[in-house]
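Peer 1: My structure is below; once you've seen it, I'll send some questions.
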Amino acid sequence: MSTDSILTTVPIQWLSVDSPVLPDEVLDWLMELGSMTRRFEQYCNSVRIIPFRECFITEEQLSDENERLLTGQRYWLREIVLCGDNIPWLLGRTLIPETTLTGPDESLVDLGTVPLGRYLFSGNKLTRDYIHVGQQGNRWARRSLLRLSGKPLLLTEVFLPESPVYKR
């Protein structure tokens, strides 16, 4: 199995929310507090998930993400491509500490082609600590520390050029 990440081709430069390079219409997307899947569904007939990588990884395999999560354990890694009407719109990378995968949340390792947002936003046990916004080359990105029943997971999303984020 490859150890390459779907997001590692160009590093993400994390920015301040009030950075002058952030257009208001893009910031509106990046600061979305609800389900990005639901928002994308407003711009297409169907959303589809293509799994890229799903496996457990160790702390040593993390980049700067390790400072955002609990240390000293394994993490469930899920990397996907989200498509709207079969056009790639988003690269997603989810890191879930093994200690988060308890009770009903164990099913997070079995999502397969189900959008993460469908699971996360189906109940009221989700909170968000923060959203960081950034750029990866000419693509916009965001990273959120979410808590599911108080337990952390880190979600990084990179918006691809055909995404409605860039439509004016």
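Our numbering is plain: 1 for the first residue shown, then up by one each step along the chain.
Placed from the backbone N, Cα and C atoms, the Cβ positions cover glycine too.
Sharing the features that Swiss-Prot gives for it:
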BINDING   MET36, ARG78, LEU116, GLU157  substrate binding site
Peer 1: So for GLU157 (substrate binding site), how many other CB atoms are inside 10 Å of its CB?
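Peer 2: By my count, 26.
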Peer 1: Using other CB atoms within 10 angstroms as the count, which residue among the binding-site residues MET36, LEU116 scores least?
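Peer 2: It is LEU116 that, of the binding-site residues MET36, LEU116, has the fewest other Cβ atoms within 10 Å.
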Peer 1: Excluding near sequence neighbours, so keeping only residues 6 or more apart in the same chain, what lies with its CB under 8 A of ARG78 (substrate binding site)?
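Peer 2: Expected: PRO51, ARG53, GLU54, GLY92, ARG93, THR94, ILE96, LEU108, LEU111, LEU116.
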Peer 1: So which other residues, same chain and not among MET36, ARG78, LEU116, GLU157, have a Cβ within 8 Å of the centroid of the Cβ atoms at the substrate site?
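Peer 2: Nearby residues not in the site list: THR37, ILE80, LEU82, LEU90, GLY92, ARG93, THR94, PRO115, GLY117, LEU155.
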Peer 1: What three-state secondary structure does DSSP assign to ARG78 (substrate binding site)?
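Peer 2: Note: ARG78 (substrate binding site) is in a strand by DSSP.
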